[in-house]
Each structure stands twice: as structure tokens, then as C-alpha cells.
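Listed in TrEMBL:
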- 23-287: domain 'NADH:quinone oxidoreductase/Mrp antiporter transmembrane' (DOMAIN)
- 289-341: domain 'NADH dehydrogenase subunit 2 C-terminal' (DOMAIN)
- 60-80: transmembrane segment (TRANSMEM)
- 92-115: transmembrane segment (TRANSMEM)
- 151-170: transmembrane segment (TRANSMEM)
- 177-195: transmembrane segment (TRANSMEM)
- 201-218: transmembrane segment (TRANSMEM)
- 238-256: transmembrane segment (TRANSMEM)
- 276-293: transmembrane segment (TRANSMEM)
- 321-347: transmembrane segment (TRANSMEM)
Amino acid sequence: MNPYILSTLLFGLGLGTTLTFASSHWLLAWMGLEINTLAIVPLMAQHNHPRAVEATTKYFLAQATAAATLLFASTTNAWITGQWDIQQMTHPLPTTMVVIALALKIGLAPMHSWLPEVLQGLNLTTGLILSTWQKLAPFALLLQIQTTNPTPLIIIGLLSALIGGWGGLNQTQLRKVLAYSSIAHLGWMMLILQFSPLLSLLALLTYLTMTFSAFLIFKVNKATTVNALAISWAKTPALTALAPLVLLSLGGLPPLTGFMPKWFILQELTKQDLPALATLAALTALLSLYFYLRLSYAMTLTMFPNNLIGMTPWRFSTPQFTLPLAISTAATTLLLPLAPAAVALLMA
């Protein structure tokens with residue numbers, strides 16, 4: 001792609017998200033989401049491959065439906081209450097419609113079915129943008145909505161955690177595994193959104209760091225299937241040793257960074273007199289943990305059927321810029337000791 005066009009599209013992505021962050025009016029927020037969608041569509045379709053074009057079409061249709069629903073809901077709210085302000089969503093009907101529209105935008109269950117299919121048709125770089133940056137603007141709107149009834153968000157969150165865990169169990173494509181991982185993590189954020197927005201934000205930041213690291217590991221290894229992970233030790237031995245830590249951090253095992261948001265969320269749910277919900281959420285984490293363990297097993301404990309000694313790649317230095325991977329991997333594995341500082345921030 002022409003670097004000038006690429007720069008314009010990346011600027012559009014940044015502008016759309018920033019516009020949504022800065023807006024307090026529904027029309028401006030909607031405009032930011034539309035700029036965001038229109039900026040990423042050419043990035044998704046840049047490889048003239050039928051799968052990429054199909055994924056782009058599915059993504060565009062899902063996002064257009066969500067944007068239309070959001071616009072209709074905000075207009076309905078203005079009609080009923082006379083308010084266009086995002087934080088003045090008082091009527092339950094438009095509030096529920098907005099939550100459903102934003103859930104469709106970021107791929108929460110039961111509006112999740114487009115996400116694994118779309119991610120499967122993209123390359124790992126565009127998939128990384130879709131799984132991280134594209135979640136920020138809708139999530140910022142969800143944080144600002146004050147709903148009096150948390151039940152819809154809890155149902156969506158629990159369904160997402162369940163489907164995210166179940167859906168990834170029998171996948172062989174890494175991008176689909178990461179898509180279901182994204183659904184499950186966002187489900188955890190929805191569970192706690194109404195009780196502790198700051199804790200939800202902490203979970204989002206942790207998810208972004210871990211997902212960034214996982215995508216970059218697969219990109220360095222040029223791996224898109226579980227079987228392709230088996231030869232990664234011949235390409236990048238040191239990275240292969242670290243990769244299971246990143247995957248287990250995504251699964252939420254102590255003493256890794258991914259344990260921190262799950263621990264805090266379960267603690268907060270218990271404080272809110274929802275022990276049954278906390279137990280269910282913890283059980284769904286076991287489902288997700290199984291497929292992260294499966295990826296770790298494929299990467300470190302299996303041998304490729306060919307003679308690897310004869311086909312070991314030469315140790316040329318990788319042409320890819322590895323500093324972001326080093327920083328994100330360190331953050332993914334080593335930040336749990338900062339939990340007391342996070343608690344102090346949440347309590348402030």
C-alpha cells in the first residue's frame with residue numbers, strides 16, 4: 001500500500017477514536033465511530049484475496065448495522081427526554097438499544113458471530129488493530145452510559161465469557177482462537193462495568209497488553225494454525241520459551257499479569273453479593289484456560305513430524321522490529337506485583 005494512503009488511513013483511525021473519546025454528544029460520538037470504520041475497511045481489503053474481501057464485507061455490514069442502531073437509539077432518547085448528552089441516558093429503551101449496538105460493534109455475545117469469521121480472513125497485523133484499537137471507542141461509550149439496571153450487561157458479560165471459552169475449544173486456526181479469547185475477555189469487563197468502571201478499564205488495559213503480545217509472537221513466527229506452532233522452536237527458541245507464559249497470562253494464571261484483573265473482578269462481584277455469578281465466571285475462565293494450554297503444548301512439547309535438524313532455519317536476525325514485542329511480553333508476565341498499587345488507584 002502507498003505510504004501516503006497508509007498514513008491517511010492510520011490518521012483516520014486515530015481521529016475517529018479520539019473524536020469519540022472527546023465527545024459528549026451522541027452525534028459526534030457516532031461520527032467518530034463511522035470515521036473509525038471507514039478508515040479500517042481499506043486496510044482490511046488491501047490484500048486482494050477472496051477471504052479478505054469477504055471478511056471486509058462482513059465487518060462493514062456488522063458495523064453499519066450497529067451504527068444505524070446506535071443512531072436510532074440516540075435519536076429516540078432525544079425524542080423522549082430532549083437530551084443528546086451521552087451521560088443523560090435515563091430512559092431504559094434507548095439505553096438498552098445503545099448497549100446492544102455497542103455490543104455488536106465490539107463483538108460481544110450473542111452478537112459475536114461476525115468476529116471469528118472476520119478475524120480469520122485478515123492478516124495478523126490488521127487482526128491486531130481490529131482486536132485492540134477498534135475496541136477502544138465503543139468501550140469508552142459503554143463506560144459513560146449510566147444504566148439503572150445492570151442485568152442486561154451481566155447477561156451479555158456471562159454469555160460472552162461462556163461462548164468465548166466454549167467456542168475456542170475445538171479451533172485449529174490461531175486467529176479464531178484469539179477472536180474467542182477477545183470475546184471472553186470483553187465478557188469479564190462487561191460483568192463488572194456497572195459496579196466498578198475503573199476495574200473494567202484496568203481489565204481492558206491488561207487485555208490490550210496481553211493480546212498485543214500474543215499477536216506479535218504469532219507474527220514473528222509467521223504462524224496462523226496450531227500445527228505451525230510446532231516448528232516455532234526452530235525459528236525463535238527464546239521466544240518459544242516465553243510464549244507459554246504469555247498464553248497462560250491470557251488464561252489468567254498466577255503469578256502472571258493476567259491474573260490481576262480476574263482476581264479483582266471476582267473479589268468485587270463477591271463484595272456486591274453475587275457469589276453465584278463470581279463462581280460461574282471463574283468456571284468459564286477454566287474453559288479458556290484449556291485452549292491456551294493446548295496452544296502452549298503445541299508450541300513447546302510437540303515435535304513436528306519432519307526432520308527438524310535438517311530443516312532448522314538459519315539464525316538470521318529477524319527483519320521485524322522486536323522492541324514492542326519485548327516490552328509487551330515483559331508487561332504481560334511481570335506486572336502482578338503492581339496489584340497493590342492498582343488497588344490503591346481503584347480505591348482512591
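For all residues, glycine too, the Cβ spot is worked out from N, Cα and C.
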Feature contact check the transmembrane segment (177-195) with the transmembrane segment (276-293), CB under 8 Å, 3 or more pairs: yes
Contact ranking winner - 151-170, 201-218, 321-347 against the transmembrane segment (238-256), Cβ under 8 Å: 321-347
Sequence-remote partners of the transmembrane segment (151-170) [C-beta within less than 8 Å, at least six residues beyond its ends]: 96, 99, 103, 108-110, 112, 116, 176-177, 180-194, 277, 280-281, 284-288, 290-291
Residue numbers, six or more beyond the limits of the transmembrane segment (321-347), whose CB comes under 8 Å of its CB atoms: 196, 198-199, 202, 206, 209-210, 212-213, 216-217, 220, 239, 242, 245-246, 249-250, 254-260, 263-264
